[in-house]
Amino acid sequence: MEYSDKQIAAQEAVRYIKDGMVIGIGSGSTVNEFLYCLAARMRKERLQVVGIPASKKSERLATELGIPLTTFATYQNVDIAIDGTDEIDDQLYLVKGGGGSLVREKMIDLVAETFIVIASGKKKIKKLGSFPVPVEVVPFGWQATEQRLQQFGCQTNLRMVEEDIFVSDNQNYIIDCDFKEIDDAEALHRSLKQIVGVIETGIFINMVDKAIVADNGELSILEK
């Protein structure tokens, strides 16, 4: 059987899961592969774990696969977080949020003792910016917030689903900001966060402990 790069990265990530762990579950297609692999290992080894999902989509799939779920009300500490990414650079900085779950993903990834990113090789780039930076904003006055975002030299698009405005799991809007190329991701993130109305950006700085990247069947483990 020939596996996709997403499946190869997911299979490697499951090796880091130990019995009794609280797992932060990100979102996206690569994380879906991780959930399939995790469920298979749980059945085979009777592995006992619980997960905290970052999105309703991940929550639904985990439930379908029989993976027990919990919340921060029960566990405030996360042993390991597994998440995908839209872009990752040489510093292991990320642009995430194409699925619209960036706030919850960042909350989980920040509190995790270990944060592992899984990705296919096409997500590995030299400099962030080829993928628009998602910015989650308060719905009230979003037009004014968008105008202030544009002052940073980006092209902006309010995220839509067909004819309707996309609404995040937190009931907010997302403005996708196309910077083309980001020279200083850390400074940009700080500046965007200072805009009133901005809740969070999809730039993830100094958070990743390990990246598992599969490119044309070849596996690479990247660490700082």
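Sequential numbering from 1, following the chain as shown.
In case you wondered, yes, glycine gets a Cβ from its N, Cα and C as well.
Around the Cβ of Glu105 (active site, proton acceptor), the number of neighbouring Cβ atoms within 10 Å comes to 31. Annotation comment: Swiss-Prot describes Glu105 as active site, proton acceptor.
Listed in sequence order, Thr85, Asp86, Glu87, Ile88, Val213 are the same-chain residues six or more apart from Lys123 (substrate binding site) with CB atoms under 8 A from its CB. DSSP classifies Lys123 (substrate binding site) as helix under the three-state reduction. Residues or ranges marked as substrate binding site by Swiss-Prot: Ser27, Gly28, Ser29, Thr30, Asp83, Gly84, Thr85, Asp86, Lys96, Gly97, Gly98, Gly99, Lys123.
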Length of the line joining the Cα atoms of Glu105 (active site, proton acceptor) and Ser27 (substrate binding site), in Å: 8
For Glu105 (active site, proton acceptor): DSSP state (helix, strand, coil): helix
